[in-house]
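Only one structure is covered here, and it is reproduced in the block below.
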């Protein structure tokens with residue numbers, strides 16, 4: 001049996017006594033396009049932070065290509081072939097689009113060789129520009145790009161590095177409908193040749209582009225499976241209570257936790273906050289949320305972690 | 001598949017990245033540099049009287065330090081308030097050689113006055129001029145490497161780094177003043193007579209020294225410019241603007257910053273070594289907190305984001321200081337402070353930034369007049385002002 005590309009075992013992360021991740025197991029095979037969903041505070045970003053070395057776990061292990069990532073620095077993990085983007089895209093505004101891509105692509109060069117000036121455009125950069133279609137903007141400073149273009153540039157920078165695993169943290173957040181569609185197509189394109197994990201809130205986006213989905217909730221893996229399986233799962237519907245979306249029938253959700261009805265949100269357009277607050281409201285109204293008061297930890301939205309039995 | 005993705009941006013004109021800058025743009029930099037070089041190496045020695053030429057040599061020494069500050073602070077975002085330490089290390093290395101050379105085998109004069117009877121072991125190697133000059137550069141470089149490795153790996157940055165370097169400058173002064181017999185204390189090292197067999201007081205020697213300083217500055221400027229324009233330079237700017245993000249590109253920012261800091265320290269050390277024969281003294285007052293700060297102010301006034309701005313700032317502020325002090329002895333400090341506040345609040349890119357902005361404005365005017373119908377071709381929402389390239393180097 002060949003080992004999986006990424007193996008997360010019994011991972012837990014604690015922030016000031018608050019368990020952001022609690023015994024998470026996750027296996028991602030080579031070539032997979034995996035969606036990671038869950039309400040605010042479910043631990044999605046924390047999971048990616050641990051994989052990429054930004055956050056130290058309290059327990060458990062992360063293995064990438066069979067090698068333990070524990071104790072490795074961020075840049076070392078990138079050098080092993082794990083690339084990520086952030087929720088708020090960070091491109092280097094003073095540098096041009098081309099320079100941003102070139103810098104990303106040059107990370108394996110020895111430091112002294114960087115003292116030479118760039119001549120022309122390397123194959124990796126050209127390919128990344130081809131995939132993201134940023135040609136026309138190559139010589140513009142990245143600071144003038146629109147939000148969507150920045151995200152694409154970031155994804156382009158990732159591709160230019162030739163990573164074996166890409167972690168994208170909410171790539172379509174804040175994008176217009178058209179931009180979402182383009183990003184989805186870009187994602188499909190990238191997934192042909194790369195293993196990708198995508199954190200996403202947007203159900204519509206999920207339905208259109210996801211195949212394998214892992215649902216995180218309160219730092220634990222709730223369900224794992226195909227989009228249809230996950231959508232049909234009553235536990236997922238319960239977690240996403242408060243969302244009046246045809247994906248999740250509110251009637252079904254209402255039945256599973258009847259007592260939470262009073263705290264239900266009206267299903268606002270912002271899925272992110274609506275979901276998070278919906279969960280808090282649920283246990284509060286049900287009188288079981290003894291944890292929710294103490295759990296207001298350092299992580300935004302962590303109040304959603306009030307224990308729901 | 002990419003057919004739909006292609007709609008992201010308007011149809012691409014021939015990739016501008018592959019075209020490169022126009023011939024005129026490529027020749028402009030070298031032309032300006034050559035002009036300034038001729039001015040400095042030919043015109044100045046011919047036209048300036050020895051006293052003024054000597055002052056200019058002093059400003060150019062400061063300009064070398066400023067170049068390093070421009071690199072570390074302007075490009076790399078490391079606000080170093082302790083360049084005087086490196087400057088002093090180079091200066092003292094040279095001063096020690098000069099002292100030993102003048103003493104001709106005896107003890108340097110100030111040691112005799114302090115009651116020192118035997119040459120301290122620390123001094124012995126500096127009798128060798130090669131060792132002194134090499135140490136003037138290598139000493140600061142090694143110190144900066146050590147400091148950088150300790151500090152940047154711990155992710156100390158911003159104001160904390162600035163305070164740390166300033167504390168280092170303050171501590172160095174205390175150390176130097178305290179070791180009267182070893183360092184000449186508050187007076188420092190002075191009364192030099194001879195350099196490599198040449199009389200330091202002679203106009204000829206001073207003119208030669210001036211030419212050496214100017215040439216060193218020119219060479220270092222070209223090297224620094226090359227560095228800024230290389231991938232390393234782009235990486236440095238990236239680290240300045242988003243250190244954490246750079247980590248996720250697979251680079252270790254600590255290494256890049258340490259190397260840059262060491263380069264700037266080496267420049268300051270060399271400047272110190274040149275400064276001593278030119279000015280004839282090195283003392284704690286020349287390398288403490290205040291002189292270190294003054295150089296940072298000069299770089300800010302000139303324009304920290306461009307190397308030429310840093311050099312310009314150091315020369316201008318040096319000149320302004322001399323001429324202003326000749327008229328109103330005590331007014332300089334106030335003027336300097338006022339200038340700093342003005343620049344920081346009104347023109348954060350300094351004089352050079354103002355120059356570049358004026359040039360871009362004129363360029364944008366003439367451009368919009370020549371092609372009003374073309375509009376903004378690259379698809380961004382911004383006007384033609386952004387299209388004008390940022391003034392670099």
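Even glycines carry a Cβ here, placed using N, Cα and C.
Note on the transmembrane segment (B:31-48): residues 56, 60, 207, 210-211, 214-215, 218, 221-222 of its chain, located 6 or more positions outside it, place their CB under 8 angstroms from a CB of the stretch. As annotated by TrEMBL, transmembrane segment applies to B:31-48 (among others).
The annotation transmembrane segment is assigned in TrEMBL to B:60-89 (among others).
Look at TrEMBL and you will find B:130-152 (among others) tagged as transmembrane segment.
Annotation comment: TrEMBL describes B:159-178 (among others) as transmembrane segment.
The feature transmembrane segment is assigned by TrEMBL to B:208-224 (among others).
For B:259-283 (among others), the entry in TrEMBL reads transmembrane segment.
Feature annotation from TrEMBL assigns transmembrane segment to B:295-320 (among others).
Positions annotated as transmembrane segment by TrEMBL: B:332-358 (among others).
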Two-stretch contact, the transmembrane segment (B:159-178) and the transmembrane segment (B:60-89), at least three Cβ pairs under 8 Å: yes
Surrounding residues of the transmembrane segment (B:60-89) on its own chain - C-beta under 8 Å, 6+ positions past either end: 40, 136, 139-140, 143-144, 157-159, 161-169, 172, 176, 210, 213-214, 216-217, 220-221, 224, 227-228, 233, 236-237, 239-241, 256-257, 260-261, 263-272, 274-275, 278-279, 282, 284, 286-289, 291-293, 295-296, 298-299, 302-307, 309-311, 313-315, 318
Leading stretch by Cβ pairs under 8 Å, where the reference is the transmembrane segment (B:259-283) and the options are B:130-152, B:208-224, B:295-320, B:332-358: B:130-152
Contact set, same chain, for the transmembrane segment (B:130-152): CB under 8 Å, 6 or more residues outside the stretch: 85-86, 89-91, 93-94, 96-97, 161, 164, 168, 253-254, 257-259, 261-266, 268-270, 272-273
